[in-house]
Amino acid sequence: MNNQNEDTEGGRNCCTCCLSFIFTAGLTSLFLWLSLRADKPKCSIQNFFIPALGKDPNSRDNTTLNFMVRCDNPNKDKGIYYDDVHLNFSTINTTKINSSALVLVGNYTVPKFYQGHKKKAKKWGQVKPLNNQTVLRAVLPNGSAVFRLDLKTQVRFKIVFWKTKRYGVEVGADVEVNGDGVKAQKKGIKMKKSDSSFPLRSSFPISVLMNLLVFFAIR
């Protein structure tokens, strides 16, 4: 009888230990997921100016495009290492009816850099020389024109003393330019991700949690 009671008590203790372990592992996993979760940088077009499209006759032969792109790090405690940031500037091919093909007019590369947590990086640049004939073909009857800016890079997140693997970031946005060659929208234009951009928030934390659970399981 005593042996049966001891077996029952031992079984209860074992169940209690298992439940306690599962609860602790779950809380630890949740804490790590919240701590290691990384948000991708948010990019926007703040300035965009093509002098050749302005009203000044002396600027007709100007073959430059001036811009400023801003990248915001929304993470409170994670820095971001950027590889070279590649920018492609395009316009819509208006020589064909119902055509939406993009015609590249220039490109620019921002050298790799580091961005601290909750910091904003303003990257000014000038693209030259532009093909003014291609640029002028983009002008609509009302004097405005629409261009496309695509951004592509890879980033790594700095978490305490270590860095994550690289994650691809591909975003872009259309920019309307008025009759003065200046970005028509006064506020910054948010650049949205393309379909090929890596889903950072889902894959990175999940992989960490899976490794953690395997570690606990084999102990």
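Backbone N, Cα and C atoms are what each Cβ position is placed from, and that goes for glycine too.
Taken from Swiss-Prot, the feature signal peptide covers 1-38.
In the three-state DSSP scheme, Asn62 (N-linked glycosylation site) is classed as coil. Annotated N-linked glycosylation site per Swiss-Prot: Asn62 (among others), in sequence order.
Look at Asn88 (N-linked glycosylation site): DSSP puts it in a strand. Around Asn88 (N-linked glycosylation site), the same-chain residues at least 6 positions away in sequence with a Cβ under 8 Å from its Cβ are Leu104, Asn107, Arg148, Leu149, Asp150, Lys152. The N-linked glycosylation site feature in Swiss-Prot is assigned to Asn88 (among others).
Residues annotated as N-linked glycosylation site in Swiss-Prot: Asn93 (among others).
Annotation source Swiss-Prot lists N-linked glycosylation site at Asn98 (among others), citing sequence analysis.
The feature N-linked glycosylation site is assigned by Swiss-Prot to Asn107 (among others), with sequence analysis given as support. Under DSSP, Asn107 (N-linked glycosylation site) is assigned to a strand (E or B) in the three-state scheme.
Around Asn132 (N-linked glycosylation site), the same-chain residues at least 6 positions away in sequence with a Cβ under 8 Å from its Cβ are Ala52, Arg60, Asp61, Thr63. According to Swiss-Prot, the N-linked glycosylation site annotation covers Asn132 (among others).
According to DSSP, Asn142 (N-linked glycosylation site) sits in a coil region rather than a helix or strand. Taking all protein chains in view, 8 other C-beta atoms sit within 10 angstroms of the C-beta of Asn142 (N-linked glycosylation site). As annotated by Swiss-Prot, N-linked glycosylation site applies to Asn142 (among others).
Residues or ranges marked as GPI-anchor amidated aspartate by Swiss-Prot on the basis of sequence analysis: Asp195.
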Number of other Cβ atoms within 10 Å of the Cβ of Asn62 (N-linked glycosylation site) across all protein chains: 19
Packing count at Asn107 (N-linked glycosylation site) (other Cβ atoms within 10 Å of its Cβ): 12
Cα separation, Asn142 (N-linked glycosylation site) to Asn62 (N-linked glycosylation site) (Å, whole number): 21
